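K.L.:
Mind looking over this structure? Questions follow.
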Amino acid sequence: MVQSSVLGFPRIGGQRELKKITEAYWSGKATVEELLAKGKELREHNWKLQQKAGVDIIPSNDFSYYDQVLDLSLLFNAIPERYTKFDLAPIDVLFAMGRGLQKKATETQAAVDVTALEMVKWFDSNYHYVRPTFSHSTEFKLNTAAGIKPVDEFNEAKALGVQTRPVILGPVSYLYLGKADKDSLDLEPISLLPKILPVYKELLQKLKEAGAEQVQIDEPVLVLDLPEAVQSKFKEAYDALVGADVPELILTTYFGDVRPNLKAIENLPVAGFHFDFVRVPEQLDEVASILKDGQTLSAGVVDGRNIWKTDFAKASAVVQKAIEKVGKDKVVVATSSSLLHTPVDLESETKLDAVIKDWFSFATQKLDEVVVIAKNVSGEDVSKQLEANAASIKARSESSITNDPKVQERLTTINEALATRKAAFPERLTEQKAKYNLPLFPTTTIGSFPQTKDIRINRNKFAKGQITAEEYEAFINKEIETVVRFQEEIGLDVLVHGEPERNDMVQYFGEQLNGFAFTTNGWVQSYGSRYVRPPIIVGDVSRPKAMTVKESVYAQSITSKPMKGMLTGPVTILRWSFPRDDVSGKIQALQLGLALRDEVNDLEGAGITVIQVDEPAIREGLPLRAGKERSDYLNWAAQSFRVATSGVENSTQIHSHFCYSDLDPNHIKALDADVVSIEFSKKDDPNYIQEFSEYPNHIGLGLFDIHSPRIPSKQEFVSRIEEILKVYPASKFWVNPDCGLKTRGWPEVKESLTNMVEAAKEFRAKY
């Protein structure tokens, strides 16, 4: 009998219960006991759901109140000293590391003011992890102040009658994905391996004592280009960890091709391996060849990253091939990765078109898929499920919903001229200086302003038909005016309208484009309590009418200052949607580029001549390995942006924005935007600024962290700008936050932006 396995399940709850209780706790409206009780309830639901579905190997320790990598940092005492000074409870230390903390002094507690650790993309997904941060003084040990999470949750499931397989990020990946703290920049995190291995060993021993038979130990860095010095660390690590006193270890990889690093793991004494055969089915032969007698092969054939139904025939064929290689008793049918990246349950979608809905599979449905495939390759009768699945796959492939001949014809018109501005940047800059007459250190924001409760209530009322379109438009215009007047009052130079009409920077556009489908409850965790509801690209994309012109024109009409039109770029819309799996990413991005070109041209025609096209996801789409696939991606990603933005006059200023990523200036240069803004506030490495010293166009390196409620002082802004100006010329530098202000409250936004503008004014006086 071939077993079924799931690598992880969404932690957020079917109705976003985790977000609600976490934010209630942060705001003082829920106790820590209520927070912990809700977490326990969510874990129990997930375990019971998987047990009921018939999944054989059920994960534990896949739950987190914020981020699973951050959990490990807390557990292993990798806590920078600045978070240990305030006598905080363990859960509050966790949240302070994840989002920063600023509290006024009370009679019983000193004031707290700490910034968050850096948050970066989890490989090429839209999930973000909190980056482990190490120093020479880091002392690894099991931090048992709040228990031992992997052991406690294993025992919790065991008490419910559910035998689970704990999930832990492996030591090589944990260190390699971390960074040196600002006081230890000469430290190579991987050099800490000998210090951390005894702590891993102790944790594994405690899991064995609790009754764990296997542990899923994730080493996803194996899909990256690893230096030989890092490759050699796997043998060192697993020779030290494996033994009779610890559970069996299943070394787990996902998101890519392991073959270039195969030598690093071919002789490891682990009980088995997991590989992603959704992303790289062609690696099966080579990875199977390294298995020794007794080692199992976990075959990731159900996509943990997308929402399309698994083709049972194709997936079963892959598993059957694995069985032929290593034997039926040594193969496990599994999800390709954790299901963290998919919505919880398709059954909660009551408004989806029935035809389209039949093409989808969310996390709950994927449980059934791994079970059916396992039964099928084991010889059990699942003919009804196979027939229904085949019919669904066939219907989608033949549907007219996916094909628009006009869009396909327009794609053929794209050439280099269409994707090139009328003049090079120096000539454009001359015209833009004459037109806008901006001061040195021009100030702006990235786009969104706080999405208040009042905004959400009125948007909901409009969606339900409780207020008219005229009433809703009047409300939105009032919100826009509030944002504009505030920006004028504090002296910002280039304004935004605040985006009160937008629910999400991708969904808002997807809802107005042909070729998209939408969910009502298809939430996925992006980071912490930030969840997104990605649109689904189901067919060829086009723009039937203008999407943003009305609000931008109104905003410009009430101010004499330049007003930015705000759009989300083609690659970001693609990356932050669930994409089609039947056509290439390049085709989808270029279709989006053409649709956005129409919008950019309409904005310019309506008098909006500063236009920002955000591409925060362009880095995350970069293939994980160097080579032709990566260079091809960079070419079509930049081309799709230029297709969108190259139809304007020289005097129209094109901006773009990037966040959550380590960026190569050459990637940005290829976009040929006039001004770019980049998340920067949590970058501690001075070399990162140096990389942009030769960037030819204008740039704004983000000066404060919008993911944290913490308010930076004017002096903090001044110090940050001084550091940047040691490397980057004042004549090209813009002053702005890291990202949009949607998730922040008005009081912190007002104070932070006021301090930022005052700092810019101080530098104008100096220069």
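Including glycine, each Cβ sits where the backbone N, Cα and C put it.
This is the feature table in Swiss-Prot:
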- K19, N126, D504, Y527, R530, Y531, W576: 5-methyltetrahydropteroyltri-L-glutamate binding site (BINDING)
- I446, G447, S448, E499, D614: L-methionine binding site (BINDING)
- I446, G447, S448, E499, D614: L-homocysteine binding site (BINDING)
- H657, C659, E679, C739: Zn(2+) binding site (BINDING)
- H707: active site, proton donor (ACT_SITE)
K.L.:
Widest Cα span across the L-methionine binders I446, G447, S448, E499, D614, in Å?
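P.N.:
Across I446, G447, S448, E499, D614, the two farthest Cα atoms sit 14 Å apart.
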K.L.:
List only the single closest residue to H657 (Zn(2+) binding site), chosen from the binding-site residues E499, D504, R530, D614 by CA-CA distance.
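P.N.:
Result for H657 (Zn(2+) binding site): the nearest of the binding-site residues is D614.
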K.L.:
Round to the nearest Å and give the CA-to-CA distance linking W576 (5-methyltetrahydropteroyltri-L-glutamate binding site) with S448 (L-methionine binding site).
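P.N.:
Distance between the two Cα atoms comes out at 17 Å.
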K.L.:
Name the one residue among N126, Y531, E679, H707 whose Cα is closest in three-dimensional space to that of I446 (L-methionine binding site); these are the recorded positions.
P.N.:
E679
K.L.:
What same-chain residues, at least 6 away in sequence, bring their CB to under 8 Å of the CB of C659 (Zn(2+) binding site)?
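P.N.:
In sequence order, the residues whose Cβ lies under 8 Å from that of C659 (Zn(2+) binding site) (at least 6 apart) are P616, I678, E679, G702, D738, C739.
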K.L.:
Could you check which of the recorded positions G447, S448, E499, D614, H707 is the closest Cα neighbour of Y531 (5-methyltetrahydropteroyltri-L-glutamate binding site)?
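P.N.:
Out of the listed candidates, the nearest Cα belongs to H707.
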K.L.:
I need the CA-to-CA distance for N126 (5-methyltetrahydropteroyltri-L-glutamate binding site) versus D614 (L-methionine binding site), whole Å please.
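P.N.:
Given the Cα positions, N126 (5-methyltetrahydropteroyltri-L-glutamate binding site) is 15 Å from D614 (L-methionine binding site).
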K.L.:
May I ask for the distance between D504 (5-methyltetrahydropteroyltri-L-glutamate binding site) and G447 (L-methionine binding site), taken between their Cα atoms and rounded to an integer number of Å?
P.N.:
12
K.L.:
Taking just the CA atoms, what is the gap between E499 (L-methionine binding site) and K19 (5-methyltetrahydropteroyltri-L-glutamate binding site) in Å?
P.N.:
23
K.L.:
Restricting the comparison to the recorded positions G447, S448, D614, H707, which residue's C-alpha is spatially nearest the C-alpha of K19 (5-methyltetrahydropteroyltri-L-glutamate binding site)?
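P.N.:
In terms of Cα distance, K19 (5-methyltetrahydropteroyltri-L-glutamate binding site) lies closest to H707.
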